[in-house]
Amino acid sequence: MSRQPILDIEGLRTVFRTRAREIVAVNDVDIVVNPGETVALVGESGSGKSVTSLSIMRLLARKVGFIDAGSIILRGKSGQTVDLAAIDEEAMRRIRGNDIGMVFQEPMTSLNPVYTIGDQIGEPLRVHRGTSRREALEAAVELLDRVGIPDARRRAGQYPHELSGGMRQRATIAMALICNPTFLIADEPTTALDVTIQAQILDLMQKLQSESGMGMLFVTHNLGVVAEIAQRVVVMYAGRIVESGPVKEVFRNPRHPYTMGLLRSMPRLGDATEMKRRGEKLNTIPGMVPGLANLPSGCAFAPRCSFAVEACHAAVPPLASVNEHHGSRCIRWQEIAA
């Protein structure tokens, strides 16, 4: 399998324009995704995860959000590369849904309530390949069966409200994969599902990825999911990457206080009962994610950080190399141990 990246983002900077000023939502982001690899993008709400994925898809609100700098190099099915940050909307439409698929967090908002499931799943084939409606429907039925929806032909004729939450999410996965994309963005695809269905969806996505060899960017705040599905992890805070590296290494040896805080905040089996017995509380990260319009000077995490020193407030730290594959945006990373 080729190890040329499917996706190579360098220096991505995304800006939102308000009446008063321009606000930087994503700043100096670098992400590489290889064929067959899953990279998890994690952080609290407001960290810039979803804006990063919407920037890749070029789905930012028109006249409000725009890519101000950087490149997003995609290697499509033809093997040719294209900079998604530089092409016009017409060219992007030919790529979106064809070379790149996206699974959204809430299927009821990404499925049209007035069209049948089969019509919606088959639409990318009609748009990108000129497939007839009948052929597109047959392909949709086949894919619904592959993603584990029983009685697929009948379900293809139903509307979104007639399916359970788990079935709707399977349908959105089918819609994202119908054109066999080389790259998939999964933006919090299991958040709205119960734990049992969540596990089934994760297993399904891993199976489909294994069969196709596509690269995947998995956006989530759930570190338990990251440990299960991803090979590498990118941690974002206030629009910047603060740590990145192989999942096992970052989880075992985090070198940024924010990553440490996220890991320590994860509830584990048996924790609640034992902590209640001892009169203890679950670990939390003090404070709140700052608003992007009012970021503190220096390191944005410094006001919440127990490791912060005066120098942390003076300038934004560079992303330092812990080793060849592991980076941390902390001037004290060498002193930090979980």
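The backbone N, Cα and C atoms fix where each Cβ goes, and this holds for glycine too.
Here is what Swiss-Prot records for this protein:
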| type | residues | note |
| --- | --- | --- |
| DOMAIN | 7-263 | domain 'ABC transporter' |
| BINDING | G43, E44, S45, G46, S47, G48, K49, S50 | ATP binding site |
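Sequence features, as recorded in Swiss-Prot, placed on the structure.
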residue : record           : contacts (Cβ under 8 Å, 6+ apart)
G43     : ATP binding site : K49, H221, V235, M236, Y237, L262
E44     : ATP binding site : H221, Y237, L262, V289
S45     : ATP binding site : H221, V289
G46     : ATP binding site : A238, V289, G291, L292
S47     : ATP binding site : M236, Y237, A238, G239, V289
G48     : ATP binding site : A25, V26, N27, V29, M236, A238, G239, R240
S50     : ATP binding site : D187, E188, V219
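For the recorded site, K49 (ATP binding site), the DSSP three-state label reads helix. Listed in sequence order, the residues H221, M236, Y237, V289 complete the 8 Å Cβ shell around the ATP site centroid, once G43, E44, S45, G46, S47, G48, K49, S50 themselves are left out. Following the DSSP three-state reduction, the secondary structure of G43 (ATP binding site) is coil.
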